[in-house]
C-alpha cells in the first residue's frame with residue numbers, strides 16, 4: 001500500500017501496465033472516489049462562482065450609475081460654465097442707447113435724434129430700414145448705429161393743439177404755461193383727424209407728438225351717445241312733446257319749406273318747471289327721435305345725431321377763465337359734429353347753476369363772464385348750423401334775461417305738474433299687464449288683466465287727487481291776507497308717481513315672501529301713496545315761502561306764511577307753521 005502511495009506521489013499510476021487485476025480494480029476504485037468527491041464539490045463551487053458573478057454584476061451596475069451621475073454632473077457644470085461665460089460676456093458689453101428715428105436716406109443710413117443731438121448713423125442688416133416710421137424709437141449700439149426697432153414712446157407731456165401747419169407734418173401746440181411750440185407729427189397721427197383743442201402726448205426732447213389723449217375734464221361733462229328713450233316712454237306731456245318736436249325736428253327735416261317761408265329755425269329751447277316732471281326725459285327723447293327722422297329722410301338703416309349732455313355744476317372751476325374755455329370747447333365740438341350734416345343737441349341741465357342773472361349778488365359773480373361766453377356762442381359772429389341748444393331749469397326766474405330773449409332760447413316750454421289724466425298716463429308707463437297681479441284683484445274683473453290694471457290706476461289716481469282731509473298739505477297766507485289750502489296733488493310729479501309704483505311692487509314682493517301671496521294689489525298702491533305723502537311731510541321746512549308761490553303758479557301775490565296740515569298715519573294732526581327763512585333748500 002505504501003508502495004502504491006509512493007507510486008502516486010511520483011506520478012506513476014499504479015496498475016497501469018500492470019498485469020495484476022486486483023491492482024487495476026483498486027486503482028479504478030480510487031479514481032471513482034476522487035471523481036465522486038470532485039462531483040460532490042462541483043455544485044458548491046458553481047454556486048460560489050454564480051454568487052461571485054452576481055456580486056460583480058451588482059458592482060458593475062453601481063459603477064455604471066455612478067459614471068452616469070458623474071457624466072451628468074460634468075454636463076451641468078459645463079452648461080453652468082457656458083451660461084456664466086455668456087453672462088460675463090453680456091455684462092461686459094457696453095450699454096445700448098435709444099434714439100428717435102427721423103428719416104431714412106438714399107444711401108441706406110438713417111437720421112436719428114438722441115442725447116439732444118441729431119445724428120446720421122448706419123443701420124444693422126437685421127433691421128428693415130423701409131419699415132421704420134417717423135417718431136419710432138430705435139435701439140443703438142456703442143457705435144450709435146441702429147440695431148433694433150422699438151415701439152413708439154408712450155409717456156411725455158400733455159400739450160394742446162392750436163393748429164396744423166401747411167405742410168401737414170408739423171403742428172403748433174400750447175404747453176401748460178401757454179407757451180407756443182412747433183412739433184412734428186409722429187406716424188400714428190398721420191391721416192387722423194385731430195382738432196384744435198385736442199390734448200396731445202409730446203415727447204419734449206425729440207419734439208414729436210404721438211397720440212391724442214382724451215380730455216377727462218371735457219369728456220366727463222359731455223355725453224355724445226344718443227339716449228334710447230322715445231317719446232312713447234314719456235307720459236302726460238303730449239302737448240309739450242308736440243311743441244318741442246315742432247321746434248327741433250321740423251327745421252331739420254324740411255329746410256326747404258323754412259327757406260321758402262323765410263323762417264329762421266329756433267336756436268334754443270328752454271324747458272322749465274318743477275323737478276321730476278320730465279324735462280330731462282324730453283331732452284333725451286328729442287335726440288333719439290331726431291336720429292330716427294334723419295334715418296327716414298336719408299334712407300339709411302340707422303340715423304345719427306349727437307346729444308351733448310352738459311353737467312352744469314361740474315363746469316364751474318375755481319380758476320378764472322376755465323369755465324369759459326370749457327364752454328368754448330363744447331360748442332367747438334358741436335360745430336365739428338354739425339359740419340358733417342348731423343344734427344347736434346347741446347343740453348344744459350340745471351341751467352340756472354351756470355347762467356344766473358348778472359349782478360344779482362347771490363353768487364360769486366362768475367356769471368359776469370360765463371353768460372357773455374354763452375351768448376357769443378349762440379348768436380355770435382360764428383353762427384350755429386344744425387345745432388340746437390336745450391336748457392332745463394326749475395328756477396327759470398334766476399336765469400339771465402339776455403339768454404331767454406328771442407333769438408337765443410326762442411321757444412320756452414313749461415313742463416307742468418301732471419293733472420289727473422296725465423297721472424293716469426304716467427301710471428300706465430310703470431303699471432303694465434306684464435306685472436304679476438293678485439288673484440283676488442283679477443277675480444273682481446273676470447280675470448281681465450287690462451281691466452284690472454285700469455281699475456288699479458283709476459283708484460290710485462282718485463286717492464292722490466282727492467281734496468280730502470288726509471291729502472291736505474299746506475295752508476298758505478298771502479300778503480293781502482288771503483289763505484289757501486294746498487293738497488298733495490298740487491305737488492305731484494312723474495318722479496313721485498314712479499316712486500309710488502316702485503313702493504307698491506316692493507310691498508307685493510314682501511307679501512309673497514312673508515305670506516306666500518303673489519301679485520300686485522290695489523291696496524299696495526293705496527298704501528304706497530300714503531307712505532309717499534308721509535315722507536314729503538318735512539320737505540317744506542327748509543324752503544322760502546316765496547318759492548311755494550312759484551311752485552303753485554300763484555306768482556301775482558307774495559306768500560308770507562305757511563302752515564303744514566299733514567295728518568299722520570295714526571290720525572294725529574302734525575300741522576306746524578313755517579316762517580320766512582333764507583333761500584337755502586332744494587325746491588320741491
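Here the Cβ of each residue, glycine as well, is placed from N, Cα and C on the backbone.
According to Swiss-Prot, the ATP binding site annotation covers 276, 277, 278, 279, 280, 281, on the basis of sequence analysis. Under the heading coiled coil, Swiss-Prot lists 47-94. The compositional bias 'Basic and acidic residues' feature in Swiss-Prot is assigned to 1-10. Under the heading region 'Disordered', Swiss-Prot lists 1-23.
Within 10 Å of its Cβ, the residue among the binding-site residues 276, 278 with the fewest other Cβ atoms is 276. When the binding-site residues 277, 281 are compared by the number of other CB atoms within 10 angstroms of each CB, 281 has the fewest.
Within its own chain, residue 279 (ATP binding site) has 271, 272, 273, 392, 393, 394, 415 as residues 6 or more apart in sequence whose C-beta sits under 8 angstroms from its own. For the recorded site, residue 279 (ATP binding site), the DSSP three-state label reads helix. Cβ-based neighbour count (10 Å, all protein chains) for residue 280 (ATP binding site) stands at 20.
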